[in-house]
Amino acid sequence: MESGAMAGILAWFWNERFWLPHNVTWADLKNTDESTFPQAEDLYLACPLAFCVFMIRLVFERFIARPCALALKIQANGPQKAQPNAILEKVFTAITKHPDEKRLEGLSKQLDWDVRTIQRWFRQRRNQEKPSTLTRFCESMWRFTFYLYIFTYGVRYLKKTPWLWNTRECWYNYPYQALTVDLHYYYILELSFYLSLLFSQFTDIRRKDFLLMFMHHVATISLITFSYVNNMARVGTLVMCLHDAADVLLEAAKMANYAKCQRLCNVLFIMFGLVFISSRLGIYPVWILNSTLFESWEIVGPYPSWWVFNTLLVLLQALHTFWSYLIVKIACRAISRVASLLIYNVSDVNSDCLCWLYVSPCILPFRNGCHCQYTNQPLATG
C-alpha cells in the first residue's frame, strides 16, 4: 500500500507534461551508447561530494588559510569573554539577549551589580557568539579560492562552447542536447559546494544572517538542480559563471578588510561593485533573461517547467536589484565620508605633502596635535 502511494507521488512529481516540452518523454532522454543526457539520479553524487568538499575546507582552513592569516598578523584570539554568571547566562540563553531597562534593573537588584556592568556583560556575551577575525578570514579565503577556481574553470570551459557566443545555441535541438564530461563536472562541483555551505551553517557559529543565507543556498541549489534535471544545463552554465565573477572580488575584499589593508579593500570593493552591478543589472537581463524568456519561446515554446524556471530567474533579478541598491548605498556613505575630509599641509620636512584627515568633533578641536598617518609628521594648523 505504502509502496503504491509512493509510486503515485513519484509519478505525479516526475510528470512529463510538467518537466518536458510537448511530445517529449523521459524515455526519449535515456542514455544510449551514442548519447548521454542529464539524469536526475546523477545528482545523488553531489551529497557525498559535498561532505568531501566540507572536509577539504577544514583541511584548507587549518593548514593553509590559518598560517596565511597569522602571517598577516590577524589575531587568533576572539572577543573578550564575559565572566561566568549562572543567572545572567540563563537569561541570555533562555529569555533574551537584549534585556530591556526593567529587566536590567531587576537583575541589578538580584546580583547587586550596577546596570552598566550588566549591560557590559550582555554585550561581551553577545560578542562571544561572533566568529573571530581569524575565523572569518579563513572562511573568506576558502570561498575566494573555490570561486576563483570554479570561475576560471567555467570561463575556460565556456569559451570553447558555441552558446557562449550565441545564446540561441542553448535552445537548438533542445532537450536532445548531449551531456559532456566537462559540463557534468561543472554542475556537480557547483552543487556540491553549495550543499556543503548549507550543511556547514549548522556546524559553524550561528550568525545574524543565518536565515537569509540559508534561503540563498536553498534557492541556488534549487536552480542548479532544476536546470540540470530538465536539461537547461547550457544556459545554467552561463548563469553560474556570471555569478561567480563578482563573488571572487567580494571574498577578496573581505580578506583585505580582515587583514586591515584598507586601501586594497577599498579598491577591491569598488571593483566588486562595478562587476556586480554591470553583470547582474546589465549582462544578466540583456544576455541571460533575454535568452530564457524570448529566444527559448521562439525556438522551443513554453511549457509548465519553463514558466517555473523563468519565474525563478526573474525573482533572482529582483534580488540583484535589491543587492545593487545596498551596494550603491554603502558606496554613497563612503563617498560622503570622503567629502567630509579636509586637506592639511604637513609642516617641517614634508611641507609640500598633502594629508587627508577625517573631520570629527573629537579630532577637529585638537588638530594641532594630530599627526599624518602616512608621514608621522605633525599637522599644521592650516
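Every residue, even glycine, has its Cβ placed from backbone N, Cα and C.
Note: TrEMBL annotation is automatic and uncurated.
These numbers come from a predicted model, not from an experiment.
Now, the feature entries from TrEMBL:
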- 90-133: DNA-binding region (DNA_BIND)
- 88-132: domain 'Homeobox' (DOMAIN)
- 135-336: domain 'TLC' (DOMAIN)
- 140-158: transmembrane segment (TRANSMEM)
- 184-203: transmembrane segment (TRANSMEM)
- 210-229: transmembrane segment (TRANSMEM)
- 265-287: transmembrane segment (TRANSMEM)
- 307-328: transmembrane segment (TRANSMEM)
Contact call for the transmembrane segment (210-229) against the transmembrane segment (307-328), three or more Cβ pairs under 8 Å: yes
The transmembrane segment (265-287) in contact with the transmembrane segment (184-203), cutoff 8 A, at least 3 CB pairs, sep 6+: no
For the DNA-binding region (90-133), residues assigned helix / strand / coil by DSSP: 31 helix, 0 strand, 13 coil
